[in-house]
Structure formats: structure tokens, C-alpha cells
Amino acid sequence: MNFQENLAALDLEYLWHPCSQMQEHQNFPVIPIKKAQGIYLYDFNDNAYMDLISSWWVNLFGHNNAYISQQLKNQIDNLEHVLLASFSHKPIITLSQRLCQLTHMDKCFYADNGSSCIEIALKMSYHAHFLKNQTSRKKLFLSLSNSYHGETLGALSAGDVKLYKDTYTPLLLKNLTTPVPKNDNEIESSLNALKRLLDKHHEEICAFIAEPLLQCAGNMHIYSAKYLKQAVLLCKQKNIHIIFDEIATGFGRTGSMFAYEQCEIEPDFLCLSKGISGGYLPLSTLLTHNEIYNQFYAPYEENKAFLHSHSYTGNALACACANATLDIFEKENVIEKNKALSGFIFNALQNALKPLIEQQVVSNLRHLGMVFAFEVFIQTKERLSLAVFKKALTKGLLLRPLSNTIYLMPPYIITHEEINKAIVGLVEILDGLKKG
């Protein structure tokens, strides 16, 4: 047993991995990673894997990015962490100012992961309505069908992906769901369904929560900006808060800094995480407006304070990485560069997958910014997603399909040469699976 195999055996003995059926790893060991550089992960046998999903959608500018790493090292020599109650630090003050200026919002409330950020948004929305009218009936949340907002109970209650939700249904809050349009032909019918729901339940609804334009865990479903804009306007007319979950879509992933910018509307609450620290450390923040903040601003005796906290809220190291990430956006014209890069990737995929599309093995090739996805229809002995994952590793590619949806969400630094290499490997995988 070599070092890599020994580590994998120890892992299997002591670790319980997320979003995994551990029994499968008895015959298919996990892969301990020794180091990473750029878009590549390296195991202890020096095998390289191209990280085509940005390590669960968090990495923007490559692993071990020289600039972010240096800013992290600079910060760790001064302050690693301090409680954020009655104390603060320069990285978080700087970051908050920059995020508010970027989003045209007023205040940041921090946590350390996406689900926690969603929980904060749900609680704050309810609490704000309660403070405004303590007899308010507003205690429900409205979300889109096929949506996903995290794994904690409140966040899970607001989502609609049955794979994650069904087991825990008895524990979940009651909420409402309105249909997301599957295509532009369904915009009108989806809006009509929303109107009927609002007519019946608007007095009970705290907030409408949505992932703008792209439902990532919902098989990378892309939906209309026109629909979302109209849906938001309908909700605002009924005194319903708007929560935008940009945990996965924020920081340039959809082609604009934030996806909601493409809808020409602003939320009451904006949830950010994942790419915020460039993929280095856990961090999330909820942004809101002074209109919400001022409802909680009162003498302590009035019991209006928002008494929510997490131990590592606003960690100084994570905030230093986030500031470094924003520096790169500012200095390197990332959004414009990504427009050209995403066009190249999509054209390369169109050309490479054309024969498989004609054979009806692949369908619905689509992209939004730096997110690319398509469905695959191949019968395999084991489930398709696992078969693709395993085959991809033999090609030096990290892919993690969502059911029969294969997607690419690479770091923004990926080169044309690397993309071409990845697509060649991808086509070889599909051709091999098709042949059985």
C-alpha cells in the first residue's frame, strides 16, 4: 500500500464526506489531494486533475493564486480572528464598504457559509415585518420550483430540489412555491400562476427568494430575466421582500458581476458567498438597505436588536482573501475578459458536441457567462453521474454531473489550450460510455 492508498484507507475509516454515499468509496477510494496550482489539483501520486467545477463553484482565479495567497499571508501575521460583536477589523470594514458600493446597498451582515446566509435573510425578513407590524401574518416564504438554497432546515424549507428535501419534510417550515418558466414560451403562464398565488396568499408572505437567472443545483436551469423582473415587481406591489440568492451566481459567474444586474432590479436582501473569497476560505455576507436596518435600530430595552451570530462571523483571514479577490476584479478587467472566454468555450463545446447532438445523445447545450451545461442520454450500468465522474478522473478531469446534466464551471483563468484539452477528454468519455 503506497502513501496515497494509505491516506485513502485512513480517510475511509475516520471521515464521513458531504453529499456522498460512503459505501461507494469501499471500491472507489476518495482521492487525497497533496497540492493545487492554477486549475489543477495534484494527488500524492502526482496525478493532475483539471478542476472544471471550481471545487464546488468557489474558485475564481485558480488554486494557490499568487496575489490572494500573499494577501492572506500578510493578514495572518497581524490578526487571524476576533469576535465581531463590539469589535471590528480593517479587512471587514474595507470589504463592507466595497461590497456596498458595488451593489448600491447599505449594510453587510456576515456569516461563514451560504446556508447560514440564507437563514439570516429569512430571519431578518420575518423580523423586519414583525417590527413594522406586530400583528402581521407574514410568516411564509415564496420560492421558485426547482430552486435550491442550502441544506440547513430553514434554507431547505425554501428550496424545491426533492433529492435533498424529501427525507426531512416533516421537519421543514411550510412555504409556497411558484413555477419557474422552463423556457420563454412559459413566461406568461408562470407569471399568471404567480399572480393567482399572490392574490390568495400575499398577506402571509414575508419574502420571495430566488437564484437570479440560474438554478445551479437545479440541473443548471437558466431562466428568463424578463420573467424574474416581472415576478419581482408583482411581489413588491404586495409588500413582499425580495431575497436574491447569489451564493453561486455572484462575482462574475453569469457574465455580470451579479446576476440580478441583468434584470435591472434590486433586491431587499442579497446573499453572497462561494466566490467571495476567491475559493480560499469560508465567508458569506447578507447585504441589505438602511430601510431594513433602521427598523432594528433602537434602544436595547425595546428588544428590537437582531440577535443572530456565528463564532467565525467576518473572519479576518477570509475578509483579506475577499478584498484580494475584489482587487483582481478591479485590476484585470475580469468581466470583459470573461465575455470573450465564455464565447470561446461555448463555441468549442458546440463544435465538439455537434455529432452527439445529432445522434440525440446530448441535448440542450446552454451557457450563461462562465457556466456551461447540457443533458446526456446514455444507458450505463451504474448511474450516469457516477460513470462520468469515474471516467473523467482517468482523463485527468474533475467533473461532478448533476443527475444526467454535465456542466463546466471552471476558474476564470482557464486557457484556450486547457479548454480544448478538457473538451477532447469529455467527448472521449461520452463516446466510450455510448459504446458500453
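Just so you know, glycine gets a Cβ as well, placed from its N, Cα and C.
Cross-referencing ASP46, ASP51, ASP166, ASP245 with the pyridoxal 5'-phosphate binding residues that TrEMBL gives (GLY114, SER115, HIS310, SER311) picks out ASP245. Distances between the Cα of ARG400 (substrate binding site) and those of the binding-site residues GLY114, HIS310, SER311 are shortest for GLY114. The highest number of surrounding Cβ atoms within 10 Å, among the binding-site residues LYS274, HIS310, ARG400, is found at LYS274.
DSSP assigns SER115 (pyridoxal 5'-phosphate binding site) to a helical segment in the three-state reduction. Taking only the Cα positions, the spacing between ASP245 (pyridoxal 5'-phosphate binding site) and TYR148 (substrate binding site) is 9 angstrom. For the recorded site, HIS310 (pyridoxal 5'-phosphate binding site), the DSSP three-state label reads coil.
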